[in-house]
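K.L.:
The following feature annotations were taken from Swiss-Prot:
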COMPBIAS  18-45  compositional bias 'Polar residues'
COMPBIAS  66-79  compositional bias 'Basic and acidic residues'
COMPBIAS  88-125  compositional bias 'Polar residues'
DOMAIN    183-242  domain 'bZIP'
REGION    1-125  region 'Disordered'
REGION    185-216  region 'Basic motif'
REGION    225-239  region 'Leucine-zipper'
Amino acid sequence: EFCDFSGNQAAGGVMVMDTSSPELRQSSSGSDVLNATSSTSSHQVSGDVAGYLNVPSPESNGSNHEGSRESANDNKGLGDARVLNCHSPESQGSGNYGSNVSEGLNYPSDSNKSVHSSPNFENNSIKNGAVEEKIKLEGVNANISKCSSLLKRKKSSEDSNNINIHQKLTNVALSDNVNNDEDEKKRARLVRNRESAQLSRQRKKHYVEELEDKVRIMHSTIQDLNAKVAYIIAENATLKTQ
């Protein structure tokens, strides 16, 4: 009732305290906080409140912030205009009312914005982290698949090389076996030819020896026959002479 907050709240929400009543002056003199006249105190309180709320006051009418700062610095006896430390019940009621009004003027600050935006930021960061983890997992899976494919290719190439080497070895072994068989056959043929040659030679020798024996027998028979012929011729001659 003793403090009238004047000001156009729709225009800027500025609170101006009218301290022209004598009761408020007495309470301010008793509390040693407000030591100025009603006109100067109203302008100073409005300037301090406007500086605290960072809202231009209607009394300034577009004046520079430096003027308001100088006026606030000149009036050091007012104390801190943000909180009215009045010991009287009237001033305490007015201070509570002013604090309630100032608390009612809820201007969105950067901290509130950051508080409201922090869950979204955390959600976005969590989503980004999950996406990055998924991308990393996909990259790891791709690398694992590549490594597995390379290992499979290496294993298949090694298996094919081993198969080729085994086939070559088997072919060499077969060729060696074939060559060995051919060599054995050739050796067997040579042995047979040698044996047959020896047998043929022996047969020839036996045959020649038999022929020589027969020739000798024929010569002996011829000589015997010649002797008999000569004897017969001699007997014929003797018979003719008789």
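The backbone N, Cα and C atoms fix where each Cβ goes, and this holds for glycine too.
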K.L.:
DSSP-wise, what's the residue breakdown of the domain 'bZIP' (183-242) into helix, strand and coil?
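P.N.:
Tallied per class, the domain 'bZIP' (183-242) gives 59 helix, 0 strand, 1 coil.
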K.L.:
Please average pLDDT over the region 'Basic motif' (185-216) for the predicted structure.
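P.N.:
Mean model confidence (pLDDT) across the region 'Basic motif' (185-216) is 94.
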